[in-house]
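Swiss-Prot annotations:
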| type | residues | note |
| --- | --- | --- |
| REGION | 1-101 | region 'Interaction with CHEK1' |
| DOMAIN | 8-375 | domain 'PPM-type phosphatase' |
| REGION | 28-90 | region 'Disordered' |
| MOD_RES | S40 | phosphoserine |
| MOD_RES | S85 | phosphoserine |
| BINDING | D105, G106 | Mn(2+) 1 binding site |
| BINDING | D105, D314, D366 | Mn(2+) 2 binding site |
| REGION | 516-591 | region 'Disordered' |
| COMPBIAS | 530-544 | compositional bias 'Polar residues' |
| COMPBIAS | 555-577 | compositional bias 'Polar residues' |
| COMPBIAS | 579-588 | compositional bias 'Basic residues' |
Amino acid sequence: MAGLYSLGVSVFSDQGGRKYMEDVTQIVVEPEPTAEEKPSPRRSLSQPLPPRPSPAALPGGEVSGKGPAVAAREARDPLPDAGASPAPSRCCRRRSSVAFFAVCDGHGGREAAQFAREHLWGFIKKQKGFTSSEPAKVCAAIRKGFLACHLAMWKKLAEWPKTMTGLPSTSGTTASVVIIRGMKMYVAHVGDSGVVLGIQDDPKDDFVRAVEVTQDHKPELPKERERIEGLGGSVMNKSGVNRVVWKRPRLTHNGPVRRSTVIDQIPFLAVARALGDLWSYDFFSGEFVVSPEPDTSVHTLDPQKHKYIILGSDGLWNMIPPQDAISMCQDQEEKKYLMGEHGQSCAKMLVNRALGRWRQRMLRADNTSAIVICISPEVDNQGNFTNEDELYLNLTDSPSYNSQETCVMTPSPCSTPPVKSLEEDPWPRVNSKDHIPALVRSNAFSENFLEVSAEIARENVQGVVIPSKDPEPLEENCAKALTLRIHDSLNNSLPIGLVPTNSTNTVMDQKNLKMSTPGQMKAQEIERTPPTNFKRTLEESNSGPLMKKHRRNGLSRSSGAQPASLPTTSQRKNSVKLTMRRRLRGQKKIGNPLLHQHRKTVCVC
C-alpha cells in the first residue's frame, strides 16, 4: 500500500531510583540515499553536479506545521525554480527519508549503551544490501550491523574503565531498533527492551489491540538455554531470577589458566543476548555466550490499521503491560485532539505512570525510557496540535533529524541527587563576597573565652584581689579571678575542668586567693604540675566510670577550711601515689599502650 502518513514521535527517559543512568535513546531521520546520487563512471569530471543552494538563499523561508527541527532541515532540499526547466528525472522524483529509532538499556556501566547510540546506526547503513528493496537482504544487513558494532566494542574495551577488582569492563547493553522506510518497518532487538505495535482491526471500533513484536531474550527460554549450554555456558537461578553464569578464574589467581586453576561460577546477567558483555567470550567455541545476534522481523505499515509503535526498556514493561500502554496512549491522544488539551507527551506520560507504580509497590524504580510513535494519515491541520515535546515527521518530505544534537537529560523526582556539573562553582563559600571567619586554634575553649582571658591577663592583678563591699562588683571580680586562674593553668599546659559554682564558692575562692602568700602560690603550682616519675596508664585514661579521677585543683577550693602548707601537700601526694598503686595492683602490664584497644564502658543510670 502506497498511502501517505505522518509520524508523531515523543521520547522520554528517567533515571528512577538507581544510582546511575544507563538508558539511552536515539532518533535519526535522514534522507535515504538513492542510486542517482552515487557517482557514475560514465559521467565526465568536467560535468560536476549543480551546487545545492544554501537555506538562506531559498525563497520564502516559511516553515510547515511539522515542528521547527524538521522544517529547518527540510529547507536543505530546494524547490525547483518556476522559470527553469525541470531536470529529466531528479526533480520529478521526491526523495523520501528513513527513520531510525533505538532504545538501549545498559548494564555494568554506560559505556556500551553510549557506544551503541553513537555507532549502531552507522554500522547498519554501511552494510551491503541495506538499501535493497528485498526485505530479506535488509534484515541480513541489520544483523551484520549489530555484529559489526559488537566487534567494534572489543577494540574499545581497553579504553573503558575497569571493574573494582581490576578486571576488564563488563559493560553491555540491550538494543531494540525500529527502522521505517517507506511502508516497511524493520524491527531488530537483543535483550529485554521490547517493541509493541498498536493495531486497530475495525475502523468502526475504537479499540486498539496491542501486539508484542519482540520477545525478551531471557536465559530461561528453552531456545536460549539450549544455545548457552551448547557453547559450554550455564544458567543459574539466583534470588528467583535466572542468570547467565560468568566463569572466571579466582581473583587470587595469577598467571595462565590451567586445568588446575580454580574457576568461580558467578550468576551474572539476566538476559541471554546483548551488545557488549565481552566477558562471555568462550575460547573453545570462539563465540559469545551472551549472543549479539538480533532477532529481526518485517512489517508492512497501514495507516488505517497501525496506530502506535512503542519502544521501551524493562523499567517500563515491568510495570505497565503492553495493552495498558496502548490504551494510555490512545486516551492521551483523544484528550489532545478532541478536547484540545496540550498536556505532556505520550512518552512522558508512560514513564511517569511506570514510576508511580514502582513507588506504589515500594520498590526502587529502574531506569525507564520510552519512545512512542503515533501513526496517522496525512492531515492538513497537523500544525495546530504541535507540542514542544513531540516531533512530527512526514518521511516523504525528506526531513532530517538527529536526537544526539538535542539530547537533554531530565532529572528524576525519585532519583539520587545528581552530581553538580562542572559549570557550577565548586567552591561557593570561597568565592562568595561574605566575610568568612578565620580558623582559630581555640585549645578546646571558645574564641570569646580566649579574648576575655587575654584581656584579664593584661590587667593589673591588684585590681582583681581588692575586696569590694558592693555585691555587683564583687561578683564581677570573682568571675575575673576564676578566669585568671584558668588562664594560669593554660600557661602551665594543664587540662582543667569547669564546674558550676554558686556565689558562696566564688566568695571563698576570692578569699583564698587574697590570703595566699608567694610560698603558698608556689606550693599550689607544684601540686598542679605532675611529678616526672608519674606514668598514667592507658587503663586509667580509658576506663571511664571504673575508677574515679583525681581532682587536681581541689586544694585551692578547700584551702579556706584548712590552710595549705608544703608538708600537707607532700603527704597528700604520697597518699595519691599509694592509692594509685592499690588501684593498679593485679592489672596486666601493657607493652605498647598505643596498640591497646579502648575498653567498652556501660553506663547504668
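Cβ coordinates are placed from backbone N, Cα and C, and glycine is handled just like the others.
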Extra residues within 8 Å (Cβ to Cβ centroid of D105, D314, D366), Mn(2+) 2: D23, T174, D192, S193, S313, G315, L316, N318, N367, T368
Candidates D105, D314, D366: member of the binding-site residues with the richest Cβ shell (10 Å): D105
Those residues of the chain, 6+ apart, with a Cβ under 8 Å from that of G106 (Mn(2+) 1 binding site): E22, D23, V24, A112, A113, Q114, S171, G172, T173, T174
D105 (Mn(2+) 1 binding site) and D366 (Mn(2+) 2 binding site), distance between Cα atoms, whole Å: 10
Distance [Cα-Cα, Å, rounded] between D105 (Mn(2+) 1 binding site) and D314 (Mn(2+) 2 binding site): 8
Where D366 (Mn(2+) 2 binding site) sits in the secondary structure, as DSSP reduces it to three classes: coil
